[in-house]
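According to TrEMBL, the protein carries these features:
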type	residues	note
DOMAIN	20-260	domain 'G-protein coupled receptors family 1 profile'
TRANSMEM	6-31	transmembrane segment
TRANSMEM	38-66	transmembrane segment
TRANSMEM	72-93	transmembrane segment
TRANSMEM	114-138	transmembrane segment
TRANSMEM	158-177	transmembrane segment
TRANSMEM	209-228	transmembrane segment
TRANSMEM	240-262	transmembrane segment
Amino acid sequence: TALNPWDVMLCVSGTAIACENALVVAIICYSPALRTPMFVLVGSLATADLLAGLGLILNFVFQYVIRSETVSLLTVGFLVASFAASVSSLLAITVDRYLSLYNALTYYSERTVLCIHTMLAGAWGVSLCLGLLPVLGWNCLHDRAACSVVRPLTKSNVTLLSASFFLIFLIMLHLYIEICKIVCRHAHQIALQQHFLTASHYVATKKGVSTLAIILGTFGASWLPFAIYCVVGDPDYPSVYTYATLLPATYNSMINPIIYAYRNQEIQRSMWVLFCGCLQAKVSFRSRSPSDV
């Protein structure tokens, strides 16, 4: 079978995703200091994105090497579960950031650790169930009329996945708006205490709000086109439309480690230790809290 350039680009994207996130997972597993709830969430996100990258690679290999309906279902189910876990982990990180600001005094407690673990268990459990649906029979292998723009998923299946994404996106949007309100309120309180808002406070507040907008904007720009096309698209449309909306969605897993991991100074320090074997004494690092954005 002739190689489809879109499949090649998805495979290349999956390779980049797997390499980036494998490094994050290795750093978190290697460093005993990175055991806080914040890094558990980042590790969950990196693991989900790593699996998604591997899924894209396996899908390419099996599509051109081992052509089997069973293998196709398994790889599609694997990809659905991985990307669902990635999006769910992003939601968990957003909730964690909100709680770290809203309940700042009680955030560092055993209750928070239990809450984080419960969120992750629920997120991965739901993601696994979504991935098993096509494998357990919710597919269109024997009913072509029920196929969606993403074969072999059915129209009702992709509608469920898209509705779940829209719900998660709205929740994240609401939480980030609340986070912006809290950040601005804190800046206002500092201004009242000091009788004026210093330039540094204004710059920090503006930077925080801008970063939140970039995070949410990147997430929405990556996934919204694909989610919308899954609802309004028709399986008779050219497959190039599916590829053109799916490829940007994979870029979100490529950008996640940059936003949530490599910008963190604790992970930067662990990278120095991992690759150099020692940390230069002249290099100083500041511990970051979950609310740092």
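Heads up, the Cβ atoms here are built off N, Cα and C, so glycines get one too.
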Could you tell me what the rest of the chain brings near the transmembrane segment (240-262), counting residues at least six beyond its ends with Cβ under 8 Å?
6, 9-10, 13-14, 16-17, 20-21, 23-24, 27, 42, 45-46, 48-49, 52-53, 56, 83, 86, 90, 93, 149-150, 214-215, 218-219, 221-223, 225-226, 229, 233, 268
So are the transmembrane segment (158-177) and the transmembrane segment (38-66) touching or not, going by 3+ C-beta pairs under 8 A with a sequence gap of 6 or more?
no
Take the transmembrane segment (209-228) and find every residue of the same chain, 6 or more past its ends, with a Cβ under 8 Å from one of its Cβ atoms.
87, 90, 161-162, 165-166, 169, 172-173, 176, 179-180, 183-184, 245-246, 248-249, 251-252, 255, 259, 293
